[in-house]
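As recorded in TrEMBL, the features of this protein are as follows:
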type	residues	note
COMPBIAS	1-10	compositional bias 'Basic residues'
REGION	1-22	region 'Disordered'
TRANSMEM	85-102	transmembrane segment
TRANSMEM	114-131	transmembrane segment
TRANSMEM	176-194	transmembrane segment
TRANSMEM	206-224	transmembrane segment
TRANSMEM	230-248	transmembrane segment
TRANSMEM	260-282	transmembrane segment
Amino acid sequence: MEAAARRRQHPGAAGGAGAQPGASFLQARHSSVKADEAAGTAPFHFDLWFYFTLQNWVLDFGRPIAMLVFPLEWFPLNKPSVGDYFHMAYNIITPFLLLKLIERSPRTLPRSMIYVSIITFVMGASIHLVGDSVNHRLLFSGYQHHLSVRENPIIKNLKPETLIDSFELLYYYDEYLGHSMWYIPFFLILFIYFSGCFTPTKAESSAPGVALLLVMPSGLYYWYLVTEGQIFLLFIFTFFAMLALVLHQKRKRLFLDSNGLFLFYSFALTLLLVALWVAWLWNDPVLRKKYPGVIYVPEPWAFYTLHVSSRH
């Protein structure tokens, strides 16, 4: 009875021998997960990168083109255009693909930061949807993208003049607030994902052929994103942060895996294309007037309205 009383007073004493194996198992399992995370390398996500590149070209780059191609009778000016529906699909599919990329990362990434970034991304892209919709519909009324809002022929003579302030507010939501809330979290998520794309095995630091095939359309799309979105500073900061991370990890004998190499090569190609674009239009007097700052990166649609559509 005394022994039974002692067992009641110290219930862990009888099960101590049985509890130790369980604790040891959990500790060993936790250690094995950490070891796998440290040594794990994800295969190249061809399906996600292909869908990501395809929807970027179709739903983002193709938006204004589809709006100009489809007959105006199908999408009246007082209703959403086909490009707006493209934008709505983009706002749903892109965050989904970004989350799937994060899920496949072999490293444990900061989930809270990812979720906040995704929420901000969707809000910024939705703000941009409204502003961009109105701005592109103004093209049918003679709006010229290579001119500022107040210099546009259809805007500068509006009465009362406070209406011009309203259009400038719309432009601010489209080109500044919407772009900032859209692109900053977008590049932040890509960088966070990139930070997990390292492997301790040098042999695994190579890009398969399908990855190299996707680099060209991916890099070309990011060129469009950087120039049309006017986010060169954000892009160059992200690229050099990626480069600094690569050099830092190299000191630890860690190398980029196939997914990291794909992202890095795409951004490097984008930087080259932006440099060639700026060099080509360096002496354009009209575009120089619209982009008077130190950083001169003309928008493709401004070039289109100035040198292409004006000839037809």
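Glycine is treated like the rest: Cβ placed from N, Cα and C.
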Contact set, same chain, for the transmembrane segment (230-248): CB under 8 Å, 6 or more residues outside the stretch: 175, 179, 183-184, 187, 190-191, 194-195, 222, 256, 263-264, 267-268, 270-271, 274, 295, 297, 299
Let me spell it out: take the transmembrane segment (176-194), skip the flanking residues so only those 6+ beyond its ends count, and list any with a Cβ under 8 Å from a Cβ in it. 94, 98, 101-102, 105, 109-110, 113-114, 116-118, 120-121, 123-125, 127-129, 131-132, 225, 229-231, 234-235, 238, 241-242, 245, 259-260, 263-264
